[in-house]
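Undergrad: When I checked TrEMBL for this same protein, it listed these features:
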- Tyr153: active site, proton donor/acceptor (ACT_SITE)
- Lys181: active site, schiff-base intermediate with substrate (ACT_SITE)
- Thr65, Ile223: pyruvate binding site (BINDING)
- Thr64: site 'Part of a proton relay during catalysis' (SITE)
- Tyr127: site 'Part of a proton relay during catalysis' (SITE)
Amino acid sequence: MVARRQLEPEGGAVTTHRRLPGARGSMAALVTPFKNGYIDERSFRFLCERQIERGTAALVVCGTTGEVSTLDRREQTLLIRLAVDTAGGRVPVIAGAGSNCTDTAVDLVYQAEWLGADGVLCVVPYYNRPTQDGLYRHFLTLQSKTDLPLLLYDVPSRTGAGLSLETILRLAELPNIVGLKDASGDPGRTAILRRHLGPDFLLLSGDDSSAAAALELGGDGCISVSANVAPALNAALYRAWAEGDMERFLKLRDLLAPLAGALFVESNPIPVKWALAQMGLLRDELRLPLTTLSSDCEPVLRAALDEVIFHEAEEAARMPRHPMTPRTATAA
């Protein structure tokens, strides 16, 4: 049963909200590994298990980093099922369920709920550039069709439209909308939203480079690309913040900063897949129109990877060990 909370929105009426337990700190925006054009199920299970073993707070599948725009419905179903099965309730699974067609997005939300996801991440409709009223009606419809907690995803650089502060505040009054993944490029609005929405509405960064700064403004964590590469270090960063260990927090922030920047030398997820391939965790395989990393971008990413790889292994070694099940173990 999903827990509930009470929020006093502007105007005085009490709104009952669903909660997404555990969805704070470092959450991995998982890549989708391919092998000869097909989803590599064995590698994907291993990646999920690696995240859980190294302290990731939630698994986010079928998102931008997972190349969702090149996945058909059957493949999205497969990824959600694999993530839910591998997680086994140890961490929440949040499924991407976005579309620029509201009816299609409703179907994706139904699918995620049926497959056992713990929440859905719904991107602002892209390409058709709806008005703020259209955006409000889109998310109003989605949240009314499910019992799952719904996270808004605002990334105007990819969608061509963005949520205004006023629209976010209106949407936050709806019972199943529990938070926002903010990749707007304006970390300052985290402080504004926190002031208006109180402590329970989830404010998650969608940008690794500004995620640490967002914490200081009232953020709850990050749906992270760099957590694919360094899950233990990212988890440790948020743990240090939560424990008030500022010396360790700043050290980890500075250690991870070059990686966060290097993972965007080309369009995501091109660099992160290259990095994971260098680590032996998957094949460096993407689907067109995405192509593998340009050779002139390799040195900066390699330098950033070399900077963190030892520290990631060291941090992971400090964590309690939970043996992987035979179904998830792999040589990668």
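Cβ coordinates come from backbone N, Cα and C, glycine included.
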Undergrad: Have a look at the recorded positions (Tyr127, Tyr153) and report the one with the fewest Cβ neighbours inside 10 Å.
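TA: Output over recorded positions Tyr127, Tyr153: least Cβ neighbours within 10 Å is Tyr127.
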Undergrad: Given the recorded positions Thr64, Thr65, Tyr127, Lys181, which lie within 10 A of the residue listed as 'active site, proton donor/acceptor' by CA-CA distance?
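TA: For the residue listed as 'active site, proton donor/acceptor', the recorded positions whose Cα atoms are within 10 Å come to Lys181.
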Undergrad: Validating a neighbour-count step here. Other CB atoms within 10 A of the CB of the residue listed as 'active site, schiff-base intermediate with substrate': how many?
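TA: Around the Cβ of the residue listed as 'active site, schiff-base intermediate with substrate', 27 other Cβ atoms lie within 10 Å.
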Undergrad: What's the CA-CA gap between Lys181 (active site, schiff-base intermediate with substrate) and Ile223 (pyruvate binding site) in angstrom, rounded?
TA: 7
Undergrad: Return only the integer: C-alpha distance in Å from Tyr127 (site 'Part of a proton relay during catalysis') to Thr64 (site 'Part of a proton relay during catalysis').
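TA: It is 15 Å, counting Cα to Cα.
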Undergrad: For Thr64 (site 'Part of a proton relay during catalysis'), what is the tally of other C-beta atoms lying within 10 angstroms of its C-beta?
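TA: Other Cβ atoms found within 10 Å: 23.
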Undergrad: Enter the number of other CB atoms within 10 angstroms of the CB of Ile223 (pyruvate binding site).
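TA: Its Cβ shell of radius 10 Å holds 29 other Cβ atoms.
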Undergrad: Counting only residues 6+ apart in the same chain, whose Cβ is under 8 Å from the Cβ of Thr65 (pyruvate binding site)?
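TA: Those within reach of Thr65 (pyruvate binding site), by Cβ under 8 Å and sequence separation of 6 or more, are Ala29, Leu30, Val31, Val225, Asn228, Asn268, Pro269, Val272.
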Undergrad: Under a three-state reduction of DSSP output, how is Lys181 (active site, schiff-base intermediate with substrate) classified: helix, strand, or coil?
TA: strand
